[in-house]
Every structure is written in C-alpha cells, then in structure tokens.
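Feature list (source: TrEMBL):
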COMPBIAS  1-12  compositional bias 'Polar residues'
REGION    1-68  region 'Disordered'
DOMAIN    79-592  domain 'Choline/carnitine acyltransferase'
ACT_SITE  H385  active site, proton acceptor
REGION    419-439  region 'Disordered'
COMPBIAS  601-612  compositional bias 'Low complexity'
REGION    601-634  region 'Disordered'
Amino acid sequence: MPTQVRIFTSPRSLGETLSAPIQLSPATPRSVPEFPELPKPTTVSPSPKARQHAMSEAYHDDKPKGGVTYAHQDDLPKLPIPPLEVSCEKYLTALKPLQSAREHAETRHAVQAFLRNEGPELNEKLKKYAEARTSYIEQFWYDSYLNFDNPVVLNLNPFFLLEDDPTPARNNQVTRAASLVVSALEFVRAVRKEELPPDTVKGTPLCMYQYSRLFGTARVPTDAGCQIEQDPESKHIIVMCHGQFYWFDVLDDNSDLIMTERDIAINLQTIIDDAAQTPIQEAAKGALGVLSTENRKVWSGLRDVLMREPGSNNADCLSFVDTALFVVCLDYSEPANAAALCQNMLCGTSEIEKGVQIGTCTNRWYDKLQIIVCKNGSAGINFEHTGVDGHTVLRFASDLYTDTILRFARTINGKAPTLWASTSPDPSKRDPESFGDVSTTPHKLEWDMLPELRIAVRFAETRLADLIEQNEFQCLDFGAYGKNFITSMGFSPDAFVQMAFQAAYYGLYGRIECTYEPAMTKMYLHGRTEAIRTVSDESVNFVQTFWADNPAEQKIEALRKACQRHVATTRDCAKAQGCDRHLYALFCLWQRTVDEDVGSSVSGSNGYSSPVDNLSDRGSLVGSPPREPAYLLD
C-alpha cells in the first residue's frame, strides 16, 4: 500500500508558508532571522517501509574496519572475567558496612557454600560462554534493560543540559534549534564516514561501538519485552511541537547535509506556526507521544492497535518516527531556573489550562534520542539508555555545543577551526538533483485517532502527570569551591563529592544506604560500566566521625581515608575488576539452567542481541529466557 503520510495543509498550505517571509509574533525575540523567499521544495514521500531496518540488519560486524573512528577496535582487549574468589570477597566487602554482624556472618557462610559447590562449575560455564562472544555481559545487559516493564521516563532515560549559546542573539528557539540540528547532523556524518576521532583516556583508546547505536534507533515494546530497532540509512528527523509530529529529510544517501541552517530554521518556524493553529483541546487529544511514557506492556498493546487497523495511516506514521535519526522537541515553555530546566529535560512539565494538559510532558518520544529546545533557547538532550552510556552521549553533547560555536565563528572568520575532518558540501551550492529521492518540505504525521487511542492518551497523560507531581526537582550550583581546590587539597573530586553525599544523607536520616556510581569500562571491547560500591568501612567511619563532636583534624583524616578507599575501588572497577557484572552474569546463567531444568526455557531474547554473537532477522528471538528478572545495570 502506498504511503498515506500526508503533507499538512492547515491553517495554510506549505507552499504559501514557505514562499512568504516568516512573520514574527510579538513574543518572538527580534533575533529570529527574517528569511528571504525560497523556492518551494519538491515534495517526495519515500515509503516508510523502504526506510525501516531492524537493528540486527544494521551492524553485523562488531569491529568495523577502516576509518579513524574504529582504528583501534581490533586492538581492544575483551572484558575480563575476574577470579571467582576475588569477586565473592569484594561482594562481602561491599556488604559488610551495610549489615549487622549476624547478617554478615550468614552471608559469608552462604558465599563459602557457593564457592564449595556450584560456584566453580558455573564460573567455568561463563568462561566457555564468553569464548564465542564479544563480551560476556553484553547480552545479559541488553536483557536487563529491555525486560524492564516500568515506564522509562524518570526511571531509565537520563538527560544532559547544554549551556546557552554564548552569543545572546542566537538564544532563541528557532535559531538555536536549527544550529543544534546542523551540528548533530555533522556528528552523524562523521560517525557514518568513520571520521569521528576515537575517545581516549590518558592516551588509551576506548571502544567506539556505542556511537553506531546512537542514531536511527528506537526502543520498540513487544508482548515479550522490548527490542531495539535501527535504520542505519536513516535520512530524516522528527520534529515535535505541541504534541504534534512533523518530519523532513536532512541527509542524502552519502550522509551529506541537504539543507542549510537557514533552510532548517524556516522549516522549524513553519512547524511552530502550524502547530500553534491546532486548538489546545485537539492537540491534547492527539498527543500520542505520551504513550511512550506508559508501562511497556501497555505501550506494546497500544502499538499493536496503531499497527493493525486496516486502512489506517498509523503504521506508516509510526514507521517514520521509529526510523528517524533523532527527535527534535520544540517546547513552548521558558524554564525560569536550573531546577525547572532539569525537570523539563528529564520528564517535562505538567500544566493544566482549561482542564487540558498543556505541559511539555506530552511533547516527547522517550523511545529515541531527543534534542529538546525551549522557547527561550535553553536546550538539552534526553536519551534512550539501552545501547549507549552517559560517556558516549556526553561526547555527542560536547561536540554538538562546540560545533555550534565554531560554525558561527567561521561565518565571521573563514579560517576558524572545525571539529570535523571533513564537512558536508554547502547545500546551497549543490544541484538539488544531486540530493536524490528526498523531501525537504516538512510533513505532518496525521494519526488516525481511534477511540481506543484517545482513551489511552488521556489515561497515559493522567498517570504521567501524577508521576511528575510525586517528584521534586532541585539543582545545586555550588560556587564556594570546585575541582581545582579539591585537587589542591590532595583529594579526588569524585571521591570528595561521593563522601559529601554520604555525610549529607547520614546527617538527615542517621543511617547508611546502599549506594553506587558507574565506572566506565570502555577500554575493553563493547565495554559498558562497572558498579562502584560507594559505601565502605572507611566511608561509614568518616560520616560517623564527621557528625560526632571530633576535632577538625580527625574529621579530615577520616575523609582522606574514605576518599582513598573510594579511589582504589574506582580504579579496580575501571579495569573491570568489580564484582557486580561478574556475579550478575553468573546469576543469569544459573537462571537459564533453572529454566531449562523445568522445561520453561525459550531460546530467545526479548531484546537487543549482540549483533556479532547472534545474527538474526528483525524481531527474531535470540538469547535469554523471556521473563528474566530485570536488574538495571547503569
């Protein structure tokens, strides 16, 4: 069936909109550029079926060859499996400050029994399992995330804030968003052409595999858990405004940009103008993005509704969203402070007007990478966490911000530096025929709002609003001292801050809680993170000493010992010598054995199989049993 994705026509045709100068509303800063007339772009609507590719079809080789980006992949060591006795002892060490003497004695007895009985055999199975795999933890990691049924918003998806553009005139929504989109597309181009310089730590190269998972991906719920799908040839972006969806192509088949920053800004302003014409009541009823905040099983059932209706436009619309490079969320809000900005990037705002939800919480699609830009130009990133960690997205965010500044500098001084080994040819100087089969005209996705979907949107919005109201958001901008002062006093900044958290919590509640932070293990092939167990005998001694009536020298000495212990633990974890990932992998293997013994094992994975370990067609089930407990590995 040919695509039924329609070009939006209300309140006026796109031809009329694009052929006229942008009219600035009184509320729009004068720094929004007034663009000259441009010829109406040719409108071609490629079939979404041709756009959609599963993750498993996208990247079969775990160590891409050629190019600077993956130049060190072949040299990276595999994630090591620590000695079983060492992992068990570290487990006991982590538990000791959290347990009573009796509890710890019982735990130690259980660990010793494990080491005498099934432990060694299970560990040998893990070693054999790891021989034919890129990483012994990778498949278990994906299953842990993708078997998680609770909403991803506020539970899984992290966020980053971007600094304001240093040029005040560029801190308006349209200009800022267009600039960020162009920089993001240059980053996509660098990844695809393998021109992105590899990450390093003190000269040691890091695994770059996660960058191949950042764009064109979507977390797709099914009745047997989620899976990650990816279109490695994606050329379009989705723009959300007032809960409505729009798309247009931005890259050609060579991953070169086909639109200038000014062209993109025109499209974004056109979308804002069009979205504003929809009454708030109608916009709220059709805000399908809020469904991505639902329980994953519920969301899976609703996606089935979207896909199955005969003659419906919804399947094609859903395909355009799933296969987009990323989502740009244009919010009407203007966060007044850092706390409000953090809330907006994490989960959006909940605001009721005339009995209708008009907050930004419905202007999201949490199953994909999102670039969020507020009306005042404040910007951030919210991302789906399964395939990428914070370090990877931090590099993206950093390069994104830096490139917007350098690119603006090059408009003043053509010799200003650039981040990229090469850049796209200037689209304005290219023959439009060279762009290929693309559509640079913004299209609105016209969902067929079935009664079942309208009810689901209303209930999802209610649940999300309740969830948001249950949380408070604060941001501490501490200015008394910082990294340089802490370092000059002989402390690790990270360890110092972690001990501050411990002291603050103990001072408020009078108890110690299990705490951890992730340590990056990307010096290994397909490395993710290891859990740093923050609480130690030394940290407990510090917080108790700190809150007791002791001299300052004694408190500082206790702090120093606690920080030294934390630094030592961090170093072990960065070398993949922690205990959490090892013991979790053993647990997963044991769980499989149990399931096989009771005859309930299914040779399948609900998620995202390691592409080199399990080559399969889209949607195939490879790996672990369907209902493995979800232990989230950050």
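Each Cβ is built from the backbone N, Cα and C atoms, and glycine gets one as well.
Bear in mind that TrEMBL entries carry predicted annotations, made automatically and left uncurated.
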The predicted model's mean pLDDT over the domain 'Choline/carnitine acyltransferase' (79-592) is 96
Measure the Cβ-based neighbour count of H385 (active site, proton acceptor), defined as the other Cβ atoms within 10 Å of its Cβ. 19
Kindly report the helix/strand/coil residue split of the region 'Disordered' (419-439) according to DSSP, in that order. 7 helix, 0 strand, 14 coil
Tell me the coarse DSSP state (helix, strand, coil) of H385 (active site, proton acceptor). coil
